[in-house]
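The domain 'Amino acid transporter transmembrane' annotation in TrEMBL covers 22-422. Taken from TrEMBL, the feature transmembrane segment applies to 25-47, 53-75, 261-282, 302-324, 345-365, 371-390, 402-428.
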Amino acid sequence: MVSPSSVLPKVVGDATEATPRRAKWWYVTFHNVTAMVGAGVLSLPYAMAHLGWGPGMVALLASWGITLYTLRLLIELHECVPGVRFDRLRDLGAHALGPRLGPWVVVPQQLIVQLGCDMVYMVTGGKCLQKFAESVSSSTTPRLHQSYWICIFGGFQFLLSQLPNLDAITAISFLAAAMSLSYSTISWAACVARGPVAGVSYAVRDGSATGTAADEAFRVFGALGQVAFAYAGHGVVLEIQATIPSTPTKPSRAPMWKGTVAAYLVTAACYFPVAIAGYWAFGRDVSDNVLVALQRPPWLVAAANMMVVIHVVGSYQVYAMPIFESVETILITRFRVPQGLLLRLVARSTYVAFTLFIAVTFPFFGDLLGFFGGFGFTPTSYFLPCILWLKIKKPPRFSTSWFANWGCIVVGVLLMVASTIGGLRSIVQDASTFQFYS
């Protein structure tokens with residue numbers, strides 16, 4: 001029998017070369033769906049309202065195709081050096097850009113993605129908790145303001161953050177994946193069942209009282225960021241591929257690509273029906289969270305909102321745990337802070353409190369998606385893989401690969417700048433008129 005060490009290439013930065021790798025291609029499908037299909041799907045009808053039917057569909061289709069292409073690049077680069085597997089994006093970045101520049105380029109982008117997701121999920125959890133409570137309670141029951149519901153959701157995260165690692169929340173993570181598929185299906189099916197609202201309009205939404213050309217342009221930029229936010233699996237694709245066995249005759253890229261394509265088909269089955277049905281039913285007046293716009297049947301709307309809550313409870317921790325590990329490692333190794341329960345309690349609670357404060361201060365789901373989609377997700381999903389490919393593979397100038405990658409870089413940079421500015425401006429505008437405790 002062949003030993004694992006002779007079958008599996010070594011891992012950069014890993015102390016052991018015999019790490020068990022037994023995953024199949026359908027494991028890849030599950031993990032990619034879990035990483036991508038999230039609360040961002042609920043804002044796609046809102047993005048369509050700012051883009052319109054034609055540009056909106058072009059943006060969705062182009063983003064789907066470009067991000068699938070850039071995932072393929074990362075999959076191919078996983079074993080670009082014979083005998084070595086780059087199981088972390090930061091290791092691949094260090095190989096391509098150098099040990100000094102690489103981590104400074106890659107790690108901040110991953111941190112922005114993780115922190116941005118947790119802020120958005122904090123807002124999402126509070127909003128859906130509020131909607132669930134209103135759906136199951138009588139009309140005479142006193143209503144709590146949205147800010148209080150965000151704080152209630154944050155209370156759950158304070159408790160769960162004390163669990164030691166990702167292994168301790170495995171059951172929650174599996175449940176979260178199932179919930180994401182369930183509420184996506186409920187969202188578009190409920191929109192189709194209710195039909196268009198009376199007087200529905202599909203005119204492009206200006207998003208402001210003044211309706212100036214500048215306001216409309218910035219809202220369009222923010223909507224593009226919301227679309228970018230929906231494709232967020234690139235930050236963990238190498239970690240997923242690391243679970244697949246690989247040999248010179250059967251490299252990991254084959255089952256990885258097969259599973260990724262299957263995952264993208266599932267993602268399309270979630271994203272496109274929600275975007276189309278939500279915009280078709282509510283038109284330009286659709287909410288930034290389509291579940292909030294749905295009213296009937298009450299039991300189904302309540303169930304879907306609770307599914308979202310369960311999903312974001314798990315997703316918050318999935319994105320937060322790597323940050324917890326990094327912060328605690330820095331405190332222990334560089335600042336000599338004693339390891340133990342007190343460190344975990346203080347460090348993790350501080351992080352949860354920070355994301356909770358931002359969520360309560362800026363509880364604008366759609367605008368946050370636009371900002372973080374542009375500033376954080378666009379680089380990792382649209383053009384960073386292309387930069388790494390050009391640096392490592394060095395395709396001939398003016399070749400098909402050269403044009404394809406430089407085209408993605410140009411599109412990605414423009415999208416990042418536009419959606420970041422649009423999302424930030426929308427946050428500032430909404431914050432100026434928002435009443436926190438009314």
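Note: Cβ is positioned from N, Cα and C throughout, glycine not excepted.
Keep in mind that TrEMBL annotations are predicted by a computer and have not been checked by a curator.
Under 8 Å from some Cβ of the transmembrane segment (345-365) lie the Cβ atoms of residues 42-43, 115, 118-120, 122-124, 126-127, 146-147, 150-151, 154, 157-158, 161-162, 288-289, 320, 323-324, 327-328, 331, 426-427, 430-431, 434, 436, all in the same chain and six or more residues away from its ends. The stretch in 25-47, 302-324, 371-390, 402-428 that contributes the largest number of Cβ pairs under 8 Å to the transmembrane segment (53-75) is 371-390. Of the recorded ranges 25-47, 261-282, 302-324, 371-390, the transmembrane segment (402-428) has the largest number of C-beta contacts under 8 angstroms with 371-390. If you look at the transmembrane segment (25-47), the same-chain residues 6 or more away from its ends with a CB under 8 A from one of its CBs are 56, 59-60, 117, 120-121, 124, 173, 176-177, 180-181, 183-184, 187, 223-224, 226-227, 229-233, 235-237, 240-241, 243-244, 255-256, 258-260, 262-264, 266-267, 270-271, 274-275, 277-279, 282, 286-291, 308, 311-312, 315, 365-366, 369, 373. Remote same-chain residues near the transmembrane segment (261-282) are listed as 25-26, 28-33, 36-37, 41-42, 44-49, 53, 56, 60, 64, 68, 71, 180-181, 184-185, 187-189, 191-192, 194-197, 200, 202, 230-231, 233, 290, 293 (criterion: CB distance under 8 Å, separation of at least six residues from the stretch ends).
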